[in-house]
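Novice: Take this structure first; my questions come after.
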Amino acid sequence: MSTAAPNETTQPTVQSGQKRVGVLLVNLGTPDTADAPGVRVYLKEFLSDARVIEDQGLVWKVVLNGIILRSRPRTKALDYQKIWNNEKNESPLKTITRSQSDKLAAALSDRDHVVVDWAMRYGNPSIKSGIDALIAEGCDRILAVPLYPQYSASTSATVCDEVFRVLARLRAQPTLRVTPPYYEDEAYIEALAVSIETHLATLPFKPELIVASFHGMPKSYVDKGDPYQEHCIATTEALRRRLGVDASKLLLTFQSRFGNDEWLQPYTDKTMERLAKEGVRRIAVVTPGFAADCLETLEEIAQENAEIFKHNGGEQFSAIPCLNDSEPGMDVIRTLVLRELQGWI
């Protein structure tokens, strides 16, 4: 009779020597290739997650497999091709997240028992591969770092779900910690403010206002108790205080809505149209909910929403880069990680 644990996988081979502490940076994910087949694989994994689309019933499966995965990969592949890192043949999100991991490892290099790696919730490198690699390096403690400032079940929680699924298949599990959301952390707000001020100083025009655009979500998710909207509001209010502006000069909007349900409002694209029609001619957009530039910032904001604004009468538009692997951005990640590693290092 087998004595293996249910669904147990082979335990990663562990190097001998001092036990180490692992740090795993995790972002959302990206297709492996900027073509329809690659996008289809990515979208199927992403949209099959019940944390993302809560109703995974028969109707949704028919819609997903019979409609969405037949048409959407072609159009989204064209969007990815606009921003693709052709030199490395990967998305900017993958390039930046790798660099964040490398820079964090360098910052912690004086602690030789700390190992840093990175993973994506959907696509590659997977969370499983990241955890396996850390265990193979001798890590008996792992800090998972979801790179989402504002908590949502559809982002932070699904990272935890996947980490737990991976650990559930191991007989010898490492001790686990997860960094909390950091939507009003002082280091995060300061880094955002510095990035905005630095970027605005490089522009040949002065924006009449700034739009803070966050990824949207169905309103029903918030109605059921998701704190995401509350966190986005808190971030925006903290940023207004730090910049010394009021709500008329730093607007809060939500982007990337999908499907026919009502999502959190005001919508970013509709706001771009309205502002231009009301006579606003110069704006800048910051995306505080994204730790790294990706399709939603580089294509949807910097290209699509810029076009909407200018088509309706706007003249000058600037997308402020995410914190990425900049010095202020790395200060945020390093601060979060060192805080949560207390007692381990």
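A Cβ is built for glycine as well, from the same backbone N, Cα and C atoms used for every other residue.
Note that this is a predicted model, so its numbers are computed, not measured.
Okay, these came from Swiss-Prot:
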BINDING   His215, Glu296  Fe cation binding site
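Burial and contacts for the listed features, if you can.
Specialist: Within the same chain, residues at least 6 positions away in sequence whose Cβ sits under 8 Å from that of His215 (Fe cation binding site) are Phe254, Gln255, Ser256, Gly289, Phe290, Glu296.
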Novice: CB neighbours of Glu296 (Fe cation binding site) within 10 A?
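Specialist: Cβ-Cβ neighbours of Glu296 (Fe cation binding site) within 10 Å number 23.
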